[in-house]
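Asker: My structure is below; once you've seen it, I'll send some questions.
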Amino acid sequence: MATKFPKFSQALASDPTTRRIWYGIATAHDFESHDGMTEENLYQKIFASHFGHLAIIFLWTSGNLFHVAWQGNFEQWVANPLKTKPLAHAIWDPHFGQAALKAFTRGDTVANISYSGVYHWWYTIGIRNNVELYTGALGLLVLSAVFLLAGWLHIQPKFKPSLSWFKNNESRLNHHLAGLFGVSSLAWTGHLVHVAIPASRGQHVGWDNFIMTPPHPAGLQPFFTGNWSVYAQSPDSMQHVFGTSQGAGTAILTFLGGFHPQTQSLWLTDMAHHHLAIAVIFIVAGHMYRTNFGIGHNLKTILEAHRPPSGRLGKGHIGIYQTLTNSLHFQLGLALASLSVVTSLVAQHMYAMPPYAYMAFDYVTQSALYTHHQYIAGLLIVGAFAHGAIFFIRDYDPEQNQDNVLARMLAHKEAVISHLSWVSLFLGFHTLGLYVHNDVVVAFGNPEKQILIEPIFAQWIQATSGKMLYGFQVLLSSSTSNASVAAQQLWLPGWLEAVNNESNSLFLTIGPGDFLVHHAIALGLHTTTLILVKGALDARGSKLMPDKKDFGYSFPCDGPGRGGTCDISAWDAFYLAMFWMLNTIGWVTFYWHWKHLSLWQGNVAQFNESSTYLMGWLRDYLWLNSSPLINGYNPYGMNSLAVWSWMFLFAHLVWATGFMFLISWRGYWQELIETLAWAHERTPLANLIRWKDKPVALSIVQARLVGLVHFTVGYILTYAAFVIASTAGKFS
């Protein structure tokens, strides 16, 4: 007899209801809970799955390269980057008639326009034709196959790493720091120096000639003689035409600062220098930890030395090394939190300091990339706290952590939670109070009575980095300060030009509207943090439910006996935090997008005047920018925004469907399911189809998850359609 799904749980496989399917899906990746799972097997499974994950990523990127080479217009785009729309791939659809062709593409084939920035990236790194794209696609396909094979190999008995290998922290740190970060940065520097920089100067370097083509006229002599400054001499001039030798220099590692005047992207030679510096730092860092040779740092010793003499941290970090080493959830929480911060930084730097040629002129791509990276950062940070909570429930050992920093954090959790609560309340009432006050006085025709606060501290910080507009005369905004004098011969002239150039996004001028929305965002951040921190710190137990850890991560309720313990599991904290996270990133992206739309349209006054009261946001940002979207198709025909209007509508539908699961209870669904099953069994033809599992309604937690997923997907897709269409409608 065939084994029923799920194979990893005998108890679930023998469940006679549809619960078997849903719980099977829910726990498929919870390896710890699977039948017969050992710690060693757990580590080996996760390790092997990493190779599969990488294989999927390489296959996906290979597909990007392949479809652009096959169906895109990369070579035409390279010839005229500012006037050509980059195509992602063709669309085959019998619904598209002549009218649609004309409306969507203004050409003769239906295609998806690429808003991901890959064209700009490939162009910047030296790719110039479709053959190179095909070569890259093939290379990644081979790499994908290699990683799949490696994943398979590492679950074979002979090649399974041992548990001690996984827990050898020093060795792992050395290899990851020096290998993953250091050597990959060095390799990327090599690519920039040998391929990308020559291509930006009109010299093609490919597989056929890269060994014979020195990237610098002096070759390696300056490197071996210690005369490294030669590599920074004769940089590209301000008149350099990107992709040609006109105005090109010979420098390969520079510190110019600012942007290339024509492409408005960071200087390639600056980026090569940056990656080389990172490579050196990380390769050195990758030799710091003690392994076989008895030299270098020992992590346990370092951690346990962190014990202030004042005694305020109790036993300090004693016990942390063992706790971290033995808890995958602790490690995953730290990794997710770090990755979240990095992803949010990418969102910020991608527009403020564009690294890719001409991307600063592609407003839709900039908007899409910012929104994309901020939402990913939000999802990752919520995941970090979720796994932090699971760590406290499953992996935390009070005996091992007596009076150390972790134990003390748990001991004074009330102080942490109440302070966060106070900050959230303060920010919420004051910010909303200002917005509502301004809204009322504007509505009654007295806009001059608004309370408008200049963000003088933030303006002062901008001035320290060289913004002259505010007249602060401090640090880099004062030509006589030590900071300015020290950097005058290096990167400062280029940087100052960039900071004070009103046409880019670096250090935008800020005023009262920015002050208010920054505090609204701060409210969202602090409230999300409050929910996540409370969920993690109360995961083991609280005054209401001291034995909470015995109920696991995602219990729904424990009945009315203890005063009603609904909505207090660590899972419920994650659930509530997700809504606040989405809300907060909504405000962040609204702010970013509206400020940039007004900047790009040369109408900064619109944002400055309308962003200080609520109706300004609703009317002059949301309504004004969604109206062309809603008119994407109408009785008079369609235009190039029709697809986005359909997506806008459909995503709203997905979002609204979420509420059906969020605002209804199990009994209702159980009755409905039983009625439907009764009708099905008595309907001719339909009753030929039978199922073995008895249909039961989703549990409370499952229904909430289904509702949350619909809410999240609908929310993000609605804004994706809005941000792309409202930007493309103005600048395409």
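Just so you know, glycine gets a Cβ as well, placed from its N, Cα and C.
The following feature annotations were taken from Swiss-Prot:
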- Cys557, Cys566: [4Fe-4S] cluster binding site (BINDING)
- His652: chlorophyll a B1 binding site (BINDING)
- Met660, Tyr668: chlorophyll a B3 binding site (BINDING)
- Trp669: phylloquinone binding site (BINDING)
- 46-69: transmembrane segment (TRANSMEM)
- 133-156: transmembrane segment (TRANSMEM)
- 173-197: transmembrane segment (TRANSMEM)
- 271-289: transmembrane segment (TRANSMEM)
- 328-351: transmembrane segment (TRANSMEM)
- 367-393: transmembrane segment (TRANSMEM)
- 415-437: transmembrane segment (TRANSMEM)
- 515-533: transmembrane segment (TRANSMEM)
- 573-594: transmembrane segment (TRANSMEM)
- 641-663: transmembrane segment (TRANSMEM)
- 705-725: transmembrane segment (TRANSMEM)
Asker: If you count every Cβ pair below 8 Å, which range out of 46-69, 133-156, 173-197, 367-393, 705-725 shares the most with the transmembrane segment (515-533)?
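Answerer: If we count Cβ pairs closer than 8 Å to the transmembrane segment (515-533), 367-393 scores highest.
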Asker: Mind checking which residues reach the transmembrane segment (573-594)? Cβ under 8 Å, same chain, six or more beyond either end.
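Answerer: Those are 367, 370-371, 374-375, 377-379, 381-382, 385-386, 389, 514, 517, 520-521, 524-525, 527-528, 531-532, 534-536, 538, 567, 607, 611, 617, 620-622, 704-705, 708, 711-712, 715-716, 719, 723, 726-727, in sequence order.
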Asker: Give the distance between the Cα atoms of the residue listed as 'phylloquinone binding site' and Met660 (chlorophyll a B3 binding site), rounded to the nearest whole Å.
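Answerer: Rounded to the nearest whole number, the Cα-Cα distance is 10 Å.
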Asker: With the transmembrane segment (133-156) as the reference, which stretch in 46-69, 271-289, 328-351 has the largest tally of C-beta pairs below 8 Å?
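Answerer: Comparing 46-69, 271-289, 328-351: 46-69 has the most Cβ pairs near the transmembrane segment (133-156).
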Asker: Spell out yes or no: are there three or more C-beta pairs under 8 angstroms between the transmembrane segment (173-197) and the transmembrane segment (46-69), with each pair 6 or more apart in sequence?
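Answerer: Contact absent: fewer than 3 Cβ pairs fall under 8 Å.
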Asker: Excluding the flanking five residues on each side, which residues at least 6 beyond the ends of the transmembrane segment (46-69) place their CB within less than 8 Å of a CB in that stretch?
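Answerer: Same-chain residues near the transmembrane segment (46-69) but 6 or more away: 31, 87-89, 114, 118-119, 130-131, 133-134, 136-138, 140-141, 143-145, 147-148, 150-152, 154-155, 161, 166, 328.
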Asker: When you scan the chain for residues with a C-beta under 8 Å from the transmembrane segment (705-725), skipping those not six or more beyond its ends, what do you find?
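Answerer: Apart from its flanks, the transmembrane segment (705-725) reaches 26, 115, 364, 367-368, 371, 375, 575, 578-579, 582, 586, 589, 593, 625-626, 628-629, 632, 641, 644-645, 647-648, 650-662, 698.
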Asker: Look up His652 (chlorophyll a B1 binding site) in the DSSP assignment and reduce it to helix, strand or coil.
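Answerer: Where His652 (chlorophyll a B1 binding site) sits, the three-state DSSP reduction gives helix.
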Asker: So if I draw a 10 Å sphere around the Cβ of the residue listed as 'phylloquinone binding site', how many other Cβ atoms end up inside it?
Answerer: 17
Asker: According to DSSP, which of helix, strand or coil covers Trp669 (phylloquinone binding site)?
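Answerer: Note: Trp669 (phylloquinone binding site) is helical by DSSP.
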Asker: Can you tell me how far the Cα of Tyr668 (chlorophyll a B3 binding site) sits from the Cα of Cys557 ([4Fe-4S] cluster binding site), in Å?
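Answerer: Cα-Cα, rounded: 18 Å.
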Asker: Want to know which binding-site residues, from Cys557, Cys566, His652, are within 10 Å of Met660 (chlorophyll a B3 binding site) at Cα; which are they?
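Answerer: Hits: none.
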